[in-house]
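Notes for the one structure printed next.
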Amino acid sequence: MKIPFVEPVICLSVFAVTLNSPLTTQYVYRRIWEETGNYSIALESNTSECAKNKSSPIFAFQEEVQKKVSLFNLEMDISGLIPGLVSTFVFLSHSDHGGRKFPLILSSVGALANSAWLCLLSYFALPIQLLIASTFIGALFGNYTTFLGASFAYIVDQCKEKKQRTIRIAIIDFLFGVVSGLTGLSSGYFIRGLGFVWSFLIVTVALFVNLIYILLFLEDSMKESSSQNISVSWTETFKNLFHRTYMLFKNASGEQQSLCCLLLFTMITYFFVTIGVSPIFVLYELDSPLCWDEVLIGYGSALGSVTFFSSFLGIWLFSYCMEDIHMAFIGTFTTMVGMAMTAFARTTLMMFLVRLPFLFTVMPLSVLRSMISKVVHSTEQGTMFACLAFLETLGGITAVSTFNGIYSATVAWCKGFVFLLSAVLLLIPAISLCVIKYVSRNTGSYVLLIQEESSEDTSDR
């Protein structure tokens, strides 16, 4: 019996990714720490080997470890950049004809293989440089962006009514927040109670169950497209996609082109900063003067997941009293404040308190997606969001690589520099929002949507 629900797939995937991310970072940190010198880290805590006194010999040693870890993360991110970008573009564009299960299966196989390799790597204490090769090979099968893109496309295929689609997507956001929050909260206890090998094995089992569900139980959302699979080649698929993208901007008026490009630029720059700096939090928390252990890192990860709930509540409440662009301003400004506060956080209490300004971090992304959907025709929504997914994949991988490189170069003389830089860079989307406000006020807000609705009313008459 086939099941037409992709929600269990997303829940298992979010659990695996949320648990695997801090596991991998802390495992690499411990391995590089032990390989760089004669110091070792007890599994129960890392605070015994984290020096807060700058005159201590361990202090200079841990600065070197921080630099090596961030450089290693940079190498891993770069190794998966090109194959991840190409595979995401190829698999998602092909799914319009080949079905949504195709990218879901491939990306799940890649994630499963990578997780199984981490189990072997940690069990046999193999050289961690092999992680770079496994990241490259795994990216050939797609990445997490590929998986999520196919999952949301699966939901869109099923939901013909806009209201039903909104409810399903809202449920996904809710599940994403719940699963990632609970997993982040428990990740430290997984490491402390089970160790790295068993923790990686749990991730592998979750991904294996996920793959079995997709292969045997998940119903394909595009049954009618099976007859088109032979007649439509990959070359034609690429040509059609590029042609639709070209026509999307060619057919728009000058004002619409300007507004659309500004919205895309604003969203990608904001996405670049927030995604790029997010992996640095774990390294920052492991280093002095915080010297967090795995449990505290899990608490911090769980608090970071609260932003999914708070941003959703913020949009729901603010939508009654302000425009979309004002909500984007609030989210950008509060995130900017949070970045600046993080740069000067020197105690555990302060590091927990800096999570408060990040409560609306996701809000600008959701609002900007909504604004983008309002400036293009209903028949061009798919093409626009395909472009957006491509830019997010490119920007996300590039951002993580860039910020890891910056942190590696600056950790010795200013640990919080990368967060101060992030706060400054957020001025770019803030200024861009001001320009959007000015342009939309002069040309009329969401001109195309109004014209489209009026033309539909005229045709109905």
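Glycine residues also receive a Cβ, built from the backbone N, Cα and C atoms like all the rest.
According to Swiss-Prot, the feature N-linked glycosylation site maps to ASN38 (among others), an assignment based on sequence analysis.
According to Swiss-Prot, the feature N-linked glycosylation site maps to ASN46 (among others), an assignment based on sequence analysis.
Marked as N-linked glycosylation site by Swiss-Prot: ASN53 (among others).
For 1-25, the entry in Swiss-Prot reads signal peptide.
Per Swiss-Prot, the feature topological domain 'Extracellular' maps to 26-70 (among others).
Summarising the annotation, Swiss-Prot assigns topological domain 'Extracellular' to 125-133 (among others) and lists sequence analysis as the type of evidence. Below 8 angstroms of C-beta separation, residues 24, 28, 31-32, 72, 75-76, 79, 117-118 of the same chain, each at least six residues beyond the ends of the topological domain 'Extracellular' (125-133), sit close to that stretch.
Sequence annotations record features per position, and here Swiss-Prot assigns topological domain 'Extracellular' to 192-195 (among others).
Here Swiss-Prot flags 283-294 (among others) as topological domain 'Extracellular', drawing on sequence analysis.
Per Swiss-Prot, topological domain 'Extracellular' is recorded for 404-415 (among others). Sequence-distant contacts of the topological domain 'Extracellular' (404-415) (same chain, six or more residues past either end, CB-CB distance under 8 Å): 63, 66-67, 70-71, 73-74, 77, 279-280, 283-284, 287, 421.
As annotated by Swiss-Prot, transmembrane segment applies to 71-91 (among others), with the evidence given as sequence analysis.
Residues or ranges marked as transmembrane segment in Swiss-Prot: 102-124 (among others).
Per Swiss-Prot, transmembrane segment is recorded for 134-156 (among others).
If you look up Swiss-Prot, you'll see 171-191 (among others) marked as transmembrane segment.
Per Swiss-Prot, the feature transmembrane segment maps to 196-216 (among others); the stated evidence is sequence analysis. Outside the transmembrane segment (196-216) by six or more residues, the chain places 8-9, 12-13, 15-16, 19-20, 23, 27, 101, 104-105, 108-109, 111-112, 115-116, 118-119, 122-123, 190 with a CB less than 8 A from a CB of the stretch.
Residues or ranges marked as transmembrane segment in Swiss-Prot: 262-282 (among others).
According to Swiss-Prot, the feature transmembrane segment maps to 295-315 (among others), an assignment based on sequence analysis. Residues of the same chain lying 6 or more positions beyond the ends of the transmembrane segment (295-315) and with a Cβ under 8 Å from any Cβ of it are 18, 22, 26, 170, 173-174, 176-177, 180-182, 184-189, 192, 278, 281-282, 285-286, 327, 330-331, 348, 351-352, 355, 358-363, 366-367.
Annotation: stretch 325-345 has the most Cβ pairs under 8 Å to the transmembrane segment (416-436), among 134-156, 325-345, 383-403. Per DSSP, the topological domain 'Extracellular' (192-195) is made up of 4 helix, 0 strand, 0 coil. Tallying C-beta pairs under 8 angstroms between the transmembrane segment (325-345) and each of 71-91, 102-124, 171-191, 262-282 places 262-282 first. The DSSP breakdown of the topological domain 'Extracellular' (125-133), given as helix, strand and coil counts, is 4 helix, 0 strand, 5 coil. In the predicted model, residues of the topological domain 'Extracellular' (192-195) average a pLDDT of 91. Look at the topological domain 'Extracellular' (283-294): DSSP puts its residues at 5 helix, 0 strand, 7 coil.
Residues 6, 9, 13, 16-17, 20, 23-24, 27, 87, 91-92, 94-95, 130-131, 134-135, 137-144, 146-147, 149-151, 154, 196-197, 200-201, 203-204, 207-208, 210-211, 214-215, 218 of the same chain sit 6 or more residues outside the transmembrane segment (102-124) yet have a Cβ under 8 Å from a Cβ within it.
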